[in-house]
Amino acid sequence: MLIALLPGDGIGPEVTEQAVRVLDAVTGDALSFERGLVGGAAYKAVGHPLPPETLDLARRADAILFGAVGDPDCDALERHLRPEQAILGLRKELGLFANLRPARLFPELADASALRPEVAARIDLVIVRETNGDVYFGEKGMRTTADGLREGYDIMSYNEAEVARIARVGFETARARRGRLCSVDKANVLETSQLWRDVVIEVSRNYPDVTLNHMYVDNAAMQLVRDPGQFDVIVTGNLFGDILSDQASMCAGSIGMLPSATLNSRSQGLYEPIHGSAPDIAGQGKANPLATILSAAMMLRYSLGKAAEADRIEAAVAAALAAGARSPDLGGRMSTAEMGDAVLAAL
Ligand code: GGG
């Protein structure tokens, strides 16, 4: 099975290296990795954040293991050349519209959560974030108003087919878990959110076994901190999902702990930690690789039909944490490679 390995920028190469060590240990020689350039690293090497060779590799692969993109050296570039365009381009070109972001607290990390331990203990949820639409892909630009002021704009739009297909993923995910779906929008203000709510209600008629509720995004942000245990599955748009999942990560201990899978309708997937490239600690061996290792486990489960191997990796991460493995984001001193060693030792 071919894996497109796209380490990207900053801490991306360090954390993906540990994930590959773990994958090699559990799959033997079943996976072959082919590396591609992406993000700022690709721009610096060949002048584009998502070169055609990388896109071709991603199309051919059974799955994509992605690190992170983002590079302060590229801050002054035109938007279409910035590193972040690589991940947006991959999602769009491959139709990767359903981003699953599980957030749960490993019991050993109760002290690392931003929440009181008894509240944090209850967090076990999945955020289903739409990743092919919203302000990320609407018309955008800069213009000058009649008063001579610079004005930036990003059009937010969703059509009903886009909402219906992500709603179905939300309902299916909830059906396979505790049967509760919370749809997050801003329907008291936004037209897109009004359509979103109407379509989610229409789709819900096919899922009478799933309990649906609706929440405005501002309330959802507050409720995630007040009582995260009330959530099973959250389905929401691109922008709201991006923000809420970073918030959920700190409830679950650290942004260095949250994996993600972004799937298309062919169950080809892109797997990446939800964190970015963290240029401030890049190359120092301080990054926590567990989010990427857990993303690799999701890859085995969702795209490669290797659920038993995925279970082994997740159990090894839990055992490594129980044995005291802690990178600096978790209040410890272990390096990126030592965290990888701890997972390998626990396999
Ligand atoms: N591994 C996640 C990552 O690299 N994030 C950087 C980023 O710009 N992401 C944009 C997004 O997730 O929409």
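Backbone N, Cα and C define each Cβ position, glycine as well.
Where the annotation comes from TrEMBL, it is an automatic prediction and has not been curated.
Sequence-distant contacts (6 or more apart, same chain, Cβ under 8 Å) of Arg91 (substrate binding site) comprise Phe97, Asn99, Thr131, Asn132, Thr262, Leu270. Per TrEMBL, the feature substrate binding site maps to Arg91, Arg101, Arg129, Asp218.
The feature Mg(2+) binding site is assigned by TrEMBL to Asp218, Asp242, Asp246. Under 8 Å, Cβ to Cβ, and six or more positions away along its own chain, Asp246 (Mg(2+) binding site) finds Ile255, Ile274.
The NAD(+) binding site annotation in TrEMBL covers Gly276, Ser277, Ala278, Pro279, Asp280, Ile281, Ala282, Gly283, Gln284, Gly285, Lys286, Ala287, Asn288. Within the same chain, no residue at least 6 positions away in sequence has its Cβ under 8 Å from that of Gln284 (NAD(+) binding site).
Confidence over the domain 'Isopropylmalate dehydrogenase-like' (2-343), given as mean pLDDT on the 0 to 100 scale, stands at 96. TrEMBL lists 2-343 with the feature domain 'Isopropylmalate dehydrogenase-like'.
Long-range neighbours of Tyr136 (site 'Important for catalysis') (same chain, six or more residues apart, CB within less than 8 Å of its CB): Leu88, Asn238, Leu239. Positions annotated as site 'Important for catalysis' by TrEMBL: Tyr136 (among others).
Under the DSSP three-state reduction, Lys186 (site 'Important for catalysis') is assigned to coil, being neither helix nor strand. The site 'Important for catalysis' annotation in TrEMBL covers Lys186 (among others).
Proximity of the binding-site residues (Asp218, Asp242, Gly276, Asp280, Asn288) to ligand 1: a Cβ under 6 Å from the molecule is found for Asp242, Gly276.
Neighbour counts of Cβ atoms within 10 Å were compared for the recorded positions Lys186, Lys286, and the top value is held by Lys186. Site extent for NAD(+): the farthest pair of Cα atoms among Gly276, Ser277, Ala278, Pro279, Asp280, Ile281, Ala282, Gly283, Gln284, Gly285, Lys286, Ala287, Asn288 sits 16 Å apart.
Non-local neighbourhood of Arg129 (substrate binding site): Asn99, Leu100, Arg101, Thr236, Gly237, Asn238, Phe240, Gly241, Asp242, Ser245, each in the same chain, at least six residues away, with C-beta under 8 Å from its C-beta. Same-chain residues that are not part of Asp218, Asp242, Asp246 yet have a Cβ within 8 Å of the Cβ center of the Mg(2+) site turn out to be Val217, Ala221, Leu239, Phe240, Gly241, Ile243, Leu244, Ser245, Gln247. Reported as a whole number, the C-alpha separation between Asn288 (NAD(+) binding site) and Asp218 (substrate binding site) equals 30 Å.
Rounded to a whole value, the Cα-Cα separation of Gly276 (NAD(+) binding site) and Lys186 (site 'Important for catalysis') is 26 Å.
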